[in-house]
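Below: the structure, in structure tokens.
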There are 2 protein chains.
Amino acid sequence: MKRVKIVVAYDGTNYCGWQVQPNGLSVQEVLEKHLSDLLCEEIRITGASRTDAGVHALGNVAAFNTSARMAADRISFAMNTRLPADIRIQESAEVPMEFHPRFANTVKTYEYRIFNRKFPDPTKRLYSFFYHYPLDVEKMQRAASYLVGEHDFKSFCTAKPEVTNTVRTVYSLDLKREDDMITLRIRGNGFLYNMVRIITGTLIRVGGGFLEPEDIPKILEAKDRGAAGETARPEGLTLVKIEYV
Amino acid sequence: MKRVKIVVAYDGTNYCGWQVQPNGLSVQEVLEKHLSDLLCEEIRITGASRTDAGVHALGNVAAFNTSARMAADRISFAMNTRLPADIRIQESAEVPMEFHPRFANTVKTYEYRIFNRKFPDPTKRLYSFFYHYPLDVEKMQRAASYLVGEHDFKSFCTAKPEVTNTVRTVYSLDLKREDDMITLRIRGNGFLYNMVRIITGTLIRVGGGFLEPEDIPKILEAKDRGAAGETARPEGLTLVKIEYV
């Protein structure tokens, strides 16, 4: 018996998210089916991040146990010939039996892309959020700076009954504009449910002039989801990488 | 009666190309249907570039005549509420009755994107060509320099019986690598059938070490399609813009 870690990239457009759901096809389900076929035994995987429907990943992480003899580093190649084109394993490696992708200490990096101009570009629509009102990125960056550090992000998450501690640390939160694409990149030690999308929705309100950068500390203090902006749409969000530290 | 020019962006993934075909849905067909519905008369459009199945466009150009009273510059907004998400009009404007999008003098710009690393990124698969052997971009750039200028590109096109003059002028042909994405950008006064894709296929052979940059002049001289490389896949190609000069 050995334990294998896989790093997985996927286009979330056609999935109900990472986790198995009754009402749609999940990334986990597709991986488990093809791993089970490949390794000729029932495989159950544990994912690091349960991304939502429509959210993309370049480097989500999962792990599973197997008694199959195939070398762990060959599993990526063998799986990529079987998987649908919208899921690709980037790496497979043997890890200690006690490795748990979710309960280990990690630094996660997400990107949210906002396509900001008069008319949409159809070739960008699946991997960014189209927003046609002008956005002031400099103001958004100033607002973002208030979110860096350790804070109670209760205002910036969708409540889940099992989550009682809403303090998280954001290591960096940077925005840049390249032509019409604004990319928000955030690194942290963990993210609450919808946290990146609510931060983005709030920064879009700042960029559009509906909030001031100086409102961000008040929103944090409010500890009330109603104080922050909308949950930005899923297609703009990509889980870039998970570092085990 | 007035003549209207439209600039159209589309994701070519789900179309059989620009031009109406018996065996699939074309971009032209979708535009004509929605223009006819919007303007309450039968609209027939003439496109500048008949892009192939799977090829994308950020700025293809088309023109049509209409007796409808809607202001030409409002047609873009009205159409974009009706069109499927993979087609968006970027601009609509009244033009002289004699304007012909294809027979006017133009400078066309195309981009071909090659995603070059070990494993595919599913979020790039629809808008680039995945190639996993290492490519030497510096060599590809040297090879490309032989194609700039006025040449007989007979070796770099798929023959069409009606095309007898295969001399074209390439104004520039530049390659750059950003992380794992190599972008080839080519500007010229006109392109033969499959010309950009055959140039790309040939430069990939150079980048992979199967041809030398110095082979390019010989391929041009051969005036034989068999001397050049493969026709690169359509999904990497985007018609960026058409300038009327």
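Even glycines carry a Cβ here, placed using N, Cα and C.
Automatic prediction, not curation, is the source of TrEMBL annotations.
Copied over from TrEMBL:
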type	residues	note
ACT_SITE	A:ASP52	active site, nucleophile
BINDING	A:TYR110	substrate binding site
DOMAIN	A:7-103	domain 'Pseudouridine synthase I TruA alpha/beta'
DOMAIN	A:143-244	domain 'Pseudouridine synthase I TruA alpha/beta'
List of residues, in chain order, with Cβ under 8 A from that of the residue listed as 'substrate binding site' and at least 6 apart: A:ARG185, A:ILE186, A:PHE191, A:VAL196, A:LEU237, A:THR238, A:LEU239, A:VAL240
Query: Looking at Cβ-Cβ distances, which residues of the chain lie under 8 angstroms from A:ASP52 (active site, nucleophile) while being 6 or more apart from it?
result: A:GLY12, A:GLY17, A:ASN194, A:PRO234
Tally of residues which DSSP labels helix, strand or coil - the domain 'Pseudouridine synthase I TruA alpha/beta' (A:143-244): 33 helix, 32 strand, 37 coil
Message: If I take every residue in the domain 'Pseudouridine synthase I TruA alpha/beta' (A:7-103) and average their pLDDT values, what number comes out?
response: 97
